[in-house]
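In what follows, a structure is listed as structure tokens, so that the remarks can point back to it.
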Amino acid sequence: MGNFGQLMDGFVVALTMHHVMIMVIGVLLGLVVGVLPGLGAPNGVSLLLPLTFTMDPIAAIILLTSMYWGALFGGSTTSILFNIPGEPSSVATTFDGHPMAKQGEAVRALTLAFGSAGFGAMVGVVVITLLSGWVANFALQFGSPEYFAVYFMAFASFIGMAGGSPFKTLVCIMLGLAVGTVGMDTISGEGRLTFGITQLTNGISFLIVVIGLFGIGELLLTIDEGYKFDGVKAKLSLRVILRTLAELPRYWVTLLRSALIGCWMGITPGGPTAASFMSYALGKRFSRRGKYFGKGEPEGIVAPETADHSAGSCALLPMLALGVPGSATAAVMMGGLMIWGLSPGPMLFTTRPDFVWGLIASMYLGNVIAVVLVLATVPIFAWILRAPFTVVGPLIAIVCLIGAYTVSNHVFDIWVALGFGLVGYVFKKLEYPLAPFVLAVVLGDKAEDAFRQSMLSSGGSLSVFFEGSLVATMMGIGILLLSLPLITALFGALFRRGREEGQTHSS
Amino acid sequence: MEISRKTMEVATAVLTGSVGALICYGSTENGIGWGPGGPEPGYFPFGIGCLILLGSLATLAQTFWKYAGARPEAAHGVSGAVPEEPFINGTRLRLLVAFVLPIVAMTAISAWLGLYIGMGLYIFYTMRVSAGFRTLTSLATALLVIAVNFVVFEKLFMVPLLKGPILEYFGIY
């Protein structure tokens, strides 16, 4: 049990007064970000990132991950009380959470959500504890072709499993990669795709992209959708909270199934949003009480919340062990690691064990703190949300613009962020997926380096990606994932034809 | 003015396609072939540009196919047809423009006079005009926002924001 010993060392790192304070601050900031529509976890973390450049990396990552937990929890508060998801990943929570709150059981709904979310997060962290060392060891034998295959698999799984138009996903990934290549080429030193604009020589920071796409884009979407609160008042009572927590184990089947879905979707880059929807859909189909889903059914809250949070925490596993983030927020954090001078991936486990295990230990504690704080602050946030959006909106806009400026102190970046804001708004409305876009911006350089180095070693032949069983397997899985939409379309066509024939026969 | 979803789909696909073409063109300036030191810098971006172009064309085709297939069916009243959905209606569009234009103005002013003056004017404007508060309340809020940001960024996190000529004239750097 080497992992266990290292985890204990990690607790020694994480359990200092300083770090616990940072966790509390991070969770509180995260709650604010999660509660306010227009500010989400990826955007919140990128706004905070420039402020951590001077901090110690361990304290900085604890701050950012705690903020992530806070944002994941905060999103559910608004979903249940106001029927407005504070985060995309808590959309599925509104389906049953808000009806339940309207029936006068707001506190029970909130407690169910936070309790199952806490359970999901814990499962996720345990999975990270058990698997990360093993995955990292496995990844130590990777060469550049293997790395390219991993990136290829990540992008292919977005195209294959996203559910929307595969071509739109392709466009998003490639646009993200293109944004990543703008600026000085790391190998030749030539400026690329700058079109003579000197401000582009340093490249476009992924932080600017995230602030634009998720922050400003989300803000415009909120304006467009009309922002009306139809709030439910919640009066916290400790008795109801405790009784509801005691009720939770009764849903153990749903809890376990949802946690599994969440872990899977988090490790493969499906992300928390996809996980919560999938878990809700599966819960509806397989639960005995499935037909009550949508009318305020407890399991309808438990399923998406558990999956959301286990996916959210599991998304950090591939980021740490492979250097391939499992969600947009994890992608931003990985960018942060690189800025702090750490290189995410298997080597991190040997070079900075204190960092890795300190972080993992902090996840246990951070989630406990988050559950307590989110319950305690429900009345405050319910009050804040009664402020009109004509006041809150401009404040969020200012936070985003200042955030864009602080990345590298250029006004030019604010314009770029505004541009990406418009892109984010239009893309979101037309169902272009944004998470793969961000992932591609962060991974762009690494994917290209891996590709070029593999091509160099093979002398320009693509066969390097299919020699050796490991690479070939990964590329094979990637190609299979890529062709998944095609396969399902073919099956769908066959099925539909069969059904139509059946209909003509019966009529 | 109402913009239909089809129009937006087509416009976006054309735009992403043009970006793809632009990337292809831009990468030819770095060389897209195989140089003495391996693949030239434009090799990877060129492939990306081509794939963007491909994806955009496919999206375009998909859009036309979806809406073209929908219309004759809709005429017959068969269910499952795709009706002409709006992307955004006139009222919402006006709201959106009224929200975006002040932000653009604020950025332009900030680039010239510094972020603190930019954000103060912007908050004052939105409080006074969009939210309809009294002049005094709006002014107080604007000053409060400036003060909070000044303390948070200049004092707590030591991240200096752009000051601009006016603040510098008064000796605030």
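Each residue, glycine too, has its Cβ placed from N, Cα and C.
Features as listed in TrEMBL:
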TRANSMEM  A:12-38  transmembrane segment
DOMAIN    A:21-439  domain 'DUF112'
TRANSMEM  A:58-82  transmembrane segment
TRANSMEM  A:109-136  transmembrane segment
TRANSMEM  A:148-179  transmembrane segment
TRANSMEM  A:200-223  transmembrane segment
TRANSMEM  A:259-282  transmembrane segment
TRANSMEM  A:319-343  transmembrane segment
TRANSMEM  A:355-376  transmembrane segment
TRANSMEM  A:383-405  transmembrane segment
TRANSMEM  A:471-495  transmembrane segment
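For the transmembrane segment (A:200-223), the residues of the chain that approach it from at least six positions outside its boundaries are 37-40, 42-43, 46-47, 49-50, 176, 179-180, 182-184, 191, 193-194, 328, 331-332, 335, 389, 393, 396-397, 399-400, 403-404, 407-408, 413, 416-425, 427-429, 434, 437-438, 441-442, judged by C-beta separation under 8 angstroms. In summary, the transmembrane segment (A:383-405) lies against the transmembrane segment (A:12-38): three or more C-beta pairs, each 6 or more positions apart in sequence, are under 8 Å. The list of residues near the transmembrane segment (A:109-136) in space but at least 6 beyond its ends in sequence, with Cβ under 8 angstroms from a Cβ of it, reads 2-3, 6-7, 69, 72-73, 76-77, 79-81, 93, 96-97, 100-101, 234, 240-241, 244-245, 247-248, 251, 255, 258-259, 262-263, 266-267, 296, 298, 301-302, 305-314, 316-318, 320-322, 345-346, 348-349, 356, 360, 363-364, 367-368, 370-371, 374-375, 378. Counting Cβ pairs under 8 Å to the transmembrane segment (A:148-179), the top-ranked stretch among A:12-38, A:58-82, A:319-343 is A:319-343. In the predicted model, the domain 'DUF112' (A:21-439) has a mean pLDDT of 84. The largest share of C-beta pairs under 8 angstroms with the transmembrane segment (A:58-82) comes from A:319-343, of the ranges A:259-282, A:319-343, A:471-495. Outside the transmembrane segment (A:259-282) by six or more residues, the chain places 72, 88-93, 95, 119-120, 123-124, 127, 154, 157-158, 161-163, 293, 300, 303-315, 317-318, 324-328, 435-436, 439 with a CB less than 8 A from a CB of the stretch. Through the fold, the transmembrane segment (A:471-495) approaches residues 145-146, 149-150, 152-153, 155-157, 159-161, 166, 464-465 of its own chain, all at least 6 residues removed from its boundaries and within a Cβ separation under 8 Å. Remote same-chain partners of the transmembrane segment (A:319-343), defined as residues 6 or more beyond its termini with a Cβ less than 8 Å from a stretch Cβ, comprise 41-42, 45-46, 49, 52-53, 57, 60-61, 64-65, 68, 71, 128, 131-132, 135-136, 139, 147, 150-151, 154, 206-207, 210, 214, 266-272, 311-312, 349, 352, 355-356, 359, 434-435, 438-439, 441-443, 446.
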